[in-house]
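Colleague: Reproduced below are the annotations present in Swiss-Prot:
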MOD_RES   Ser5  phosphoserine
REGION    19-27  region 'Homomultimerization'
REGION    25-51  region 'Disordered'
MOTIF     35-51  motif 'Nuclear localization signal and RNA-binding (RRE)'
COMPBIAS  37-50  compositional bias 'Basic residues'
REGION    90-124  region 'Disordered'
COMPBIAS  90-106  compositional bias 'Polar residues'
Amino acid sequence: MAGRSEPQDDARLLQAVKIIKILYQSNPYPSPEGTRKARRNRRRRWRARQKQISEISGRVLATYLGRPPKPGDLELPELDKLSLQCVETTQDVGTSNTSQPQTATGETVPAGGNYSILGKGAKN
């Protein structure tokens, strides 16, 4: 199962999945009966229980499989290496562009600003 060779790992995984399934089945979605306030309160309590079940499920997986449910810390690049430049733009910030703007297909847009949302060939 899932590329493992040891049957005891598979049995442990199946046991963990069965426990998690029972947890989620024990908390069905609330019924749509009653006043708006009562329904809202039932949904709020249901979401709180779902959150608890999710946390318990993570602990069950960690216990049965021997690994944490979330990956470790990610290494992020240094802040000075990050930029907000557009990949398509080759022009530096602060320089003026005297040529006419182009569309994604490479066509130039007239200076009057006839920007068509529908594109070429579409009837307005």
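Backbone N, Cα and C define each Cβ position, glycine as well.
Could you place the listed features in the three-dimensional structure?
Modeller: DSSP states for the region 'Homomultimerization' (19-27), grouped as helix (H, G, I), strand (E, B) and coil, give 7 helix, 0 strand, 2 coil.
Helix, strand and coil counts under DSSP for the compositional bias 'Basic residues' (37-50) come to 14 helix, 0 strand, 0 coil.
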Colleague: I'd like to know the mean pLDDT over the motif 'Nuclear localization signal and RNA-binding (RRE)' (35-51).
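Modeller: The predicted confidence over the motif 'Nuclear localization signal and RNA-binding (RRE)' (35-51), as a mean pLDDT, is 96.
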